[in-house]
Amino acid sequence: MNLLKPLISVSLMTLISRILGFVRDILIASIFGASMFTDAFFISFKIPNLLRRIFSDGTFSQAFIPVLMEYKSDKNEKNIKNFLSSILGFMSFFLLLLTILGGFFSQSIILIRAPGFLNPPEKLILSTNLLRIMFPYILLISLSSLCSSILNSWNYFSIPAFSPIFLNISIIFFSVFFSSFFCPSIIVLAWSVIIGGLVQLLYQLPFLYKINMLVLPNFHWNNIGLLRILKKMGPAILGASANQISLIINTIFSSLLNSGSISWIYYADRLIEFPVGILGVSLSTVLFTSLAKNYKNGIKLEYKKLLDWGLRISLIVSLPGSVILFFLAKPVIIVLFQYGKFTDFDVLMTARVLKLYSCGLISFIFVKILSSAFYACEEIKIPMKASLFTLLLNQLMNPFLIFYFQHAGIALSLSITSWVNFLLLSRKLYQRKIVSLQRSEFIFIIYIILATLVMIVILFVVLHMMSVWNIGTFINKIIRLFFGKYVSGITYLFMMNILGIRLLNFFYKNS
C-alpha cells in the first residue's frame, strides 16, 4: 500500500476542514470580536473538547486500534462485531452519564476552568448556559471518533478526515443566518456545535454499513477485548489528562489576564493547529495502523523504516512552515481576522502568541509521530511519563514567562515543553535502537536547514515589497499573502532539488 496516497488524501480533507475553520473564525471575529461573549464561548467550547481529547480521540484510538487489528487479523466477523458492540455499549453508557453530570455541574466546572469569570457575574452565567447546551457534544463526537477509528482500520482514511467539515459548515451557516434570532447572539454558536456534531456522527454510519461493521450496542462488558482496552486506557488517560490539565491551568492563567487574552490565544492556537492538523494529525493517523500492523507481525525493520519516513516528511514541511508562520504572523492575522470588531490591538496581541507558538511547531508534529510509534507497540507508559514531566515543567515556567510576556508567555512555555517532550521520547527510541542520527540523517537535516535559510532571504525581500497589509480588499490581501507564501515555497523546493532531495523519493510502499 502506497502510504503517500492516503497521507495526501487525509491532508487534503484536513486542509479543506481547516480552511472552513478559518472562515468560521473569521466570521466569529467579525461578528463578535474579542470580547466577554467570545471568551465565554471559547471557554465553554473547550470543556467538551477537552473531555473528548482525554476519553476518546487519541486515548481511545491508541488502545483500541491495536486490539481491533488483532481481531481483524483473525478474520472472524462475528467476534469483531461482538467486540465492537461491547465497546459501543460501554462508551454510550459512560458518555451519557458524563453528559448528564456535566450539565448539572456546569457552573462549578466553569469556575474551576476560569476563576476569573466570577467577576463580572454575567460572564459566569453566560458561560454556564453555553456549556449546558454544548455538553452533549462530548457524546456525539466521541461516538464519531469510534466510527473514525473503525474506518481507519479498514484503510478508509479520507472519510473520517472529511467529517469535521460538517461542524465548521454548521457554525458558519447558523452564525450567518440565525444569530439575530438569539439573545445574546453568541448562543447560536452553542446550538450549531451540537448540530454539527450530530451530522459528523450520522455521516459515517453508511460507510460502516458498507464494510458490514455497523452494529448496535450491547452491555456485555465482560468482553475480553473491551477489558484489554480499559486496562490500557488507564495510563493513556493519565498521559492525555496531563496535556489537558496543562491547558486548563494555562486557561486559568489567561482568564486572570486582560480581557481578550483567551480570545487572542484561541485565534493563534487555531492558526498553529492548521499545520499541526494537516501534517501531524494526518501523518500519525496514517502511520499508526501500519506501525501497529508491522509491530504485531514482528517486522521490526519495516517499522523503523516507516517511522524514519514519517519523521523526514515532517521535517521537510514543518521547518519552512514554522519560519513562514513566524515572519508572516502579523500579515496572516490581518488578512484572516481583522474585520468588524477585531482591532489593530487584537492583531498585535494575537501575532505575539503566534510567533512564539511557531517556535514549537516542529516539536508539536514530532511528538505526535513519536507517540504513535510507542502506542503502536502498546507501550503507553513512556509517553504518559513524558507528558507528566512536561506538565510539571510547563506550570513551573508559566508564572515566570507570563510575568515578562503576559498572555504570550503561555505560548512560549508550551513551545519549550513540547521540545522537551520530543527529546524525552526520541531518547527512549534511540535507546531501543528504533531511531538513530546516522551520517545520512545528519546530512538530510543540514540540507533542509540550508534550503530554509535561502527561503528566509527571499521571504524578507517579499515582505519589504509588501510592507502594508491593512489596506485593500480581502481578495487583494489574500492574493498578496499567497504570493509571499508561493514564492517562498518555490524557492524552498528549488533549493531542495539542487541539494538532491527529491519529493518523488518519498513515495513509501508499506508491505
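Cβ coordinates come from backbone N, Cα and C, glycine included.
Values in this document were obtained by computation on a predicted structure and should not be read as measured data.
Copied from Swiss-Prot, the annotated features are:
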- 25-45: transmembrane segment (TRANSMEM)
- 85-105: transmembrane segment (TRANSMEM)
- 133-153: transmembrane segment (TRANSMEM)
- 156-178: transmembrane segment (TRANSMEM)
- 245-265: transmembrane segment (TRANSMEM)
- 271-291: transmembrane segment (TRANSMEM)
- 315-335: transmembrane segment (TRANSMEM)
- 356-376: transmembrane segment (TRANSMEM)
- 400-420: transmembrane segment (TRANSMEM)
- 442-462: transmembrane segment (TRANSMEM)
- 481-501: transmembrane segment (TRANSMEM)
Query raised in the report: Can you find at least 3 Cβ pairs under 8 Å between the transmembrane segment (133-153) and the transmembrane segment (245-265), where each pair is 6 or more residues apart in sequence?
Result: no
Query - the transmembrane segment (156-178) versus listed stretches 25-45, 271-291, 400-420: most Cβ pairs under 8 Å - result: 25-45
**Report entry** Feature contact check the transmembrane segment (356-376) with the transmembrane segment (400-420), CB under 8 Å, 3 or more pairs
**Finding:** yes
Requested in this report: Could you tell me whether the transmembrane segment (356-376) and the transmembrane segment (245-265) have 3+ CB pairs under 8 A, leaving out pairs under 6 positions apart?
Outcome: no
Report task. Report, as numbers and ranges, which residues of the same chain sit near the transmembrane segment (25-45): CB under 8 Å and 6 or more residues beyond its ends. Result -> 110, 113-114, 117, 120, 122-123, 126-127, 130-131, 134, 171-172, 175-176, 179, 184-186, 189-190, 193, 251, 255, 259-260, 262-264, 266-267, 270, 336-337, 339-343, 346
Query raised in the report: With the transmembrane segment (271-291) as the reference, which stretch in 315-335, 356-376, 481-501 has the largest tally of C-beta pairs below 8 Å?
Result: 356-376
